[in-house]
């Protein structure tokens, strides 16, 4: 479908001031949608930028509070065509380890409140940003969408993974019991302009960029052999909207085709910044799964564009960081 699928439609985006949510807001506004941008945490610069867009209305909402969510939907719902759910408590491996209870509690309450309101207020469709961390890791076999916890349910005390698993199960049950038109997107590691560069909590790419740009060595948790698939945030947004446009699959992996080790990634980051390689391994720190290889067959069928190569995406992200760092 063409961009006019979104022109004149009203789309509610949660986590609208966050990294992924703000990119959805910008792209939807550019494509002619009326955007209801829900947020909880103040981010003044992004807030001012989005408020200046022609078709964006910012609404502060505590998604963990059922009455607050219902109040927002009651006020906004008569015109909502689509919900894009990006809000989630997230962070790097250390953050997830230390705050698992808080993450699980926050994320499961948020998705429960949201899906109940989508049902009760008759919203036409919802896409949920899930996670590829749901899959059991294999260094050689790419995870297909049907290879998730339904095939291999396993115990974990990782509150983030548990919250995403709960969210997917609840979404499926809403689809089956209430007929909710819900889509689940499972991204690889998302990166790009606008990400948070807090090294104590941030994702791997912004953390590496911040340290390398400051002339510090990059610390890699583990031996650096763990591999990941990365996806530029703009590609994630475009692929998710294409999934809604086509309605082709209920779940879809979204990632770039390149699978790189964390050690290779560190070298790429140093190179795009023009820094000499200064890398230190710390085997005592948590590393997550050794591999997270994703099958992208569904994504290849759905999208109508070529995802950005990792090197080009890193160069763009590095330029953005150097312009906006403090």
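Backbone N, Cα and C atoms are what each Cβ position is placed from, and that goes for glycine too.
Feature annotations, courtesy of Swiss-Prot:
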type	residues	note
BINDING	15-21, 129-132, 164, 187-190	NAD(+) binding site
ACT_SITE	160	active site, proton donor/acceptor
SITE	164	site 'Lowers pKa of active site Tyr'
List the residues of the same chain that sit at least 6 positions away from residue 21 (NAD(+) binding site) in sequence and have their Cβ under 8 Å from its Cβ, in sequence order, or write 'none'.
13, 14, 15, 37, 39, 84, 86, 87
Distance between residue 189 (NAD(+) binding site) and residue 164 (site 'Lowers pKa of active site Tyr') at the Cα atoms, whole Å?
15
According to DSSP, which of helix, strand or coil covers residue 187 (NAD(+) binding site)?
strand
From the Cα of residue 164 (site 'Lowers pKa of active site Tyr') across to the Cα of residue 187 (NAD(+) binding site), what is the distance in angstrom?
12
Around the Cβ of residue 17 (NAD(+) binding site), other Cβ atoms within 10 Å, all chains included, total 24
How many Å lie between the Cα of residue 160 (active site, proton donor/acceptor) and the Cα of residue 130 (NAD(+) binding site)?
10
Where does residue 15 (NAD(+) binding site) sit in DSSP terms: helix, strand, or coil?
coil
What DSSP gives for residue 130 (NAD(+) binding site), in three states, is coil
Spatial separation of residue 164 (site 'Lowers pKa of active site Tyr') from residue 19 (NAD(+) binding site) - C-alpha basis, Å
18
Here the binding-site residues are 17, 130, 132, and the Cα closest to that of residue 164 (site 'Lowers pKa of active site Tyr') is found at 130
Between 130, 132, 189, which of the binding-site residues has its C-beta surrounded by the fewest other C-beta atoms within 10 Å?
189
All chains considered, the count of other Cβ atoms within 10 Å of the Cβ of residue 15 (NAD(+) binding site) is 26
Tell me the Cβ neighbour count for residue 19 (NAD(+) binding site), meaning other Cβ atoms within 10 Å of its Cβ, over all protein chains shown.
22
